[in-house]
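Asks: According to TrEMBL, the repeat 'Solcar' annotation covers 8-102, 110-194, 205-289.
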Amino acid sequence: MDIVANYHPVFKAFLAGSFSGTFSTILFQPLDLVKTRLQNPSQHVVAATVNGRIQPGMITIFVNIIRQEHIAGLWRGMVPSIARCVPGVGLYFSSLHWLKSKMGKSRQDLGALEAITLGVVARSMSGIALIPITVIKTRYESGVYKYNSLTGALKAIYKAEGFRGLSCGLGPTLARDAPFSGLYLMFYTQTKQAIPKEYLQSPASASVVHFSCGIIAGIAASLATNPADVLKTKMQLYPDKFPNAFSAAMYVHQTYGVRGYFKGAVPRMLRRTLMAAMAWTVFEEITRSIGLK
C-alpha cells in the first residue's frame, strides 16, 4: 500500500475501483445471468405459459440452469463480465474523482444535482468505452450465442455485423447506466449527509453505514432504469430484429404489456444494489488505506 500511495490520485481511484469491482462481479454473476435469461425467456426455459406466453420465474431459471448446465453454469459469461465490470468500475471511480477534482469538490460537498450530473458523465464515459464488451457479455449470458472465447466473440461479431454489431444497444445502455449512476450517487451522497459524522468516522460502524447507504440508493436507482435494461438486452441479442430502441419498446409492450419493461427487475435489483453497495464500501475502505481521502 505504501507504493500505491505515491501514485497519481486518479490512478489510485482507478485501482481502488477495479479491486472493488472484482469481488462484487464474481460474487453476483449468477444474478446477472438469471436477469438476462428472464428477459429472453424462450431460451433453455421450461415453464408454465400464461396466455400462450412463457412466464418463467427467477427460481425456475435457477433450477433450469443448474439442471442443464450444472452449478458452474451460473457463472456463464464470467470472463466478459470481469472484462467489462472490473475496468468499467475502475474507469467510473477514476472519472468521478477526476471530475470532482476539476470542480474542487469532495463527495461530502456534492449537492443532489451535482451528484446526478457527475454520476451521469462518469458512467457515460466508461459505458461508451466498454460497449463492445457489454454486447459480448449479454450474448454469453443469454445462451443464444456459442462463442469460444472473448477474442473469438469480438472477431465473429465484427465479421458478421461490423462495428454496428459491437456497439448495438449503446443508446439503451447509456439510458440505463448513466441515470442509474447519477441517481445512485445522488441517493448515496444525500443519505450519507443525513447520517451523523461520528458514525462515518468510526472504524467500527463506517463500513456498515456505507453498505446501508448503498442498499438504499441501489433499490431506487435499479427500479427506475430497468426498462432501458430490457430494451438493451433485446437489441444486443437480436440486432436484425430490433435495429433501434423504438422497435424493441414496441415489441415488449405488444408482447408483455407494461410489465414487460420490468422483466428481470428482481435479480437485477438484487445484483446492482448489492454490487454497488459492496463496490462503494470496498472503495471507501481502500481509498482510506492508500491515502486518497
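Cβ coordinates come from backbone N, Cα and C, glycine included.
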Asks: For the repeat 'Solcar' (205-289), provide the mean pLDDT of the predicted model.
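Replies: Taking every residue in the repeat 'Solcar' (205-289) and averaging pLDDT yields 86.
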Asks: DSSP on the repeat 'Solcar' (205-289): how many residues come out helix, how many strand, how many coil?
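Replies: So the counts come to 75 helix, 0 strand, 10 coil.
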Asks: Could you count the residues of the repeat 'Solcar' (110-194) that DSSP puts in helix, in strand and in coil?
Replies: 71 helix, 0 strand, 14 coil
